[in-house]
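Database features (Swiss-Prot):
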type	residues	note
MOD_RES	K7	N6,N6,N6-trimethyllysine
BINDING	N116, T166, K170, R288, H320, S372	substrate binding site
ACT_SITE	K168	active site, proton acceptor
MOD_RES	K194	N6-carboxylysine
BINDING	K194, D196, E197	Mg(2+) binding site
ACT_SITE	H287	active site, proton acceptor
SITE	K327	site 'Transition state stabilizer'
Amino acid sequence: KASVGFKAGVKDYKLTYYTPEYETKDTDILAAFRVTPQPGVPPEEAGAAVAAESSTGTWTTVWTDGLTSLDRYKGRCYHIEPVAGEENQFIAYVAYPLDLFEEGSVTNMFTSIVGNVFGFKALRALRLEDLRIPPAYVKTFQGPPHGIQVERDKLNKYVRPLLGCTIKPKLGLSAKNYGRAVYECLRGGLDFTKDDENVNSQPFMRWRDRFLFCAEALYKAQAETGEIKGHYLNATAGTCEEMLKRAIFARELGVPIVMHDYLTGGFTANTSLAHYCRDNGLLLHIHRAMHAVIDRQKNHGIHFRVLAKALRMSGGDHIHSGTVVGKLEGERDITLGFVDLLRDDFVEKDRSRGIYFTQDWVSLPGILPVASGGIHVWHMPALTEIFGDDSVLQFGGGTLGHPWGNAPGAVANRVALEACVQARNEGRDLAREGNEIIREASKWSPELAAACEVWKEIKF
């Protein structure tokens with residue numbers, strides 16, 4: 001008689017991994033998944049399957065389970081609630097013991113939590129809505145290279161949002177002409193200009209030429225305005241070694257900031273670059289190219305607030321966060337929810353803003369949200385009100401599309417911003433009086449008046 005000392009076969013996940021009586025620990029990583037089970041699969045089984053497949057489980061019982069303590073290491077689905085207004089959708093809450101994750105590795109955290117489970121047959125769809133990162137795990141990350149306060153001190157710019165501009169056309173300019181556009185924008189009054197996310201090192205403009213001409217533009221604009229200026233030099237490359245080579249060259253030129261596409265570049269590369277930037281005094285601007293592939297579907301994928309939290313752990317000083325302006329009111333609350341998760345040290349659970357867990361960042365530096373995409377001077381009051389001082393407002397077409405050229409476009413944006421900040425400080429209501437504030441300012445700024453005229457037809 002052969003006895004192997006364990007019961008072979010396939011058993012329901014919920015027998016092991018659904019534990020509604022479990023009390024979460026302060027050291028657990030908590031996840032909120034939006035689960036859409038296949039017809040006939042009970043939500044408890046679906047939630048337990050997610051917990052199992054993203055932690056210690058496999059599809060059948062294995063004898064090596066007896067060589068470890070599953071109770072210590074398994075993920076647990078500890079609560080399930082139906083999603084209001086959606087048929088057959090549930091929020092499954094899963095707790096993971098901290099021992100399952102390598103310290104200081106966003107890569108490992110995601111490989112575990114979202115690595116395999118999304119292709120699971122028992123589920124029609126699955127979306128990771130939020131993560132609670134416990135302080136014990138947060139403390140294993142360096143986080144942003146510098147954070148909001150250090151950035152302000154480096155740039156000597158306070159009590160207002162920062163202004164940026166993406167250089168367009170994004171592909172096709174020679175390095176010399178590119179540098180010229182950078183100079184004109186910075187000279188006109190912007191704080192930053194930006195490489196587009198897909199500007200790396202192409203035949204029409206190799207990275208080293210671009211870096212040199214942009215640095216020249218930067219120093220010329222600084223000398224003429226007396227303000228510190230920056231251009232986000234995109235260091236994203238095909239290998240980590242090449243990426244760091246570009247960052248090192250930027251540091252040798254003495255520029256203040258470099259840039260990385262963190263999703264296409266990957267978290268491992270991003271964390272390496274963030275460490276280099278802190279060690280060498282460079283700020284790090286992060287672009288989220290590819291995010292919509294992951295976060296756009298409402299019932300499948302990963303919500304951007306999770307990608308934003310992951311970036312704060314991996315490291316970056318700025319990240320693109322959408323604009324809110326002109327979108328629906330509900331979107332505004334959700335966006336401001338993850339903007340707070342980027343900037344603040346402690347964020348309370350607030351389901352109306354999409355925040356499923358209270359998050360304590362235990363003094364990990366904050367990140368400036370970057371509002372960019374289809375915005376112009378008429379949006380300035382709303383942007384100033386919504387995002388507040390700790391933000392970067394980026395106008396690409398809204399600068400370079402000015403009828404008189406790049407420098408006047410920059411002047412128009414700077415005048416509009418200063419007018420909005422002054423009006424706010426005087427106690428005026430930007431939401432109600434915004435258009436009036438811009439009109440008043442345009443009376444003494446012909447550049448702003450021309451910008452107002454060009455974009456007056458474009459409604460919020």
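Placed from the backbone N, Cα and C atoms, the Cβ positions cover glycine too.
It should be emphasised that the depicted structure is a prediction, and the values quoted were computed from it without experimental measurement.
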Cβ atoms near D196 (Mg(2+) binding site) (within 10 Å, other residues, all chains): 18
Alpha-carbon spacing, N116 (substrate binding site) to D196 (Mg(2+) binding site), which is rounded to whole Å: 32
Cα-to-Cα gap, S372 (substrate binding site) vs K7 (N6,N6,N6-trimethyllysine), nearest whole Å: 58
Residue with minimal Cβ packing [other Cβ atoms within 10 Å] among the recorded positions K7, R288: K7
Largest tally of Cβ atoms lying within 10 Å of a Cβ, found at which of the binding-site residues N116, T166, S372: T166
Protein Cβ atoms within 10 Å of K168 (active site, proton acceptor), excluding its own: 16
Proximal but sequence-remote residues of the same chain as H287 (active site, proton acceptor) (Cβ under 8 Å, at least 6 apart): E197, N234, M259, H260, D261, Y262, I319, H320
Among T166, K170, K194, D196, R288, which are recorded as recorded positions, the nearest neighbour of the residue listed as 'N6,N6,N6-trimethyllysine' by Cα: R288
Beyond the site residues K194, D196, E197: chain residues whose C-beta lies within 8 Å of the centroid, for Mg(2+): T166, I167, K170, D195, N198, V199, Y232, N234, M259, H287
Distance in Å spanning the most remote Cα pair of N116, T166, K170, R288, H320, S372, given for substrate: 37
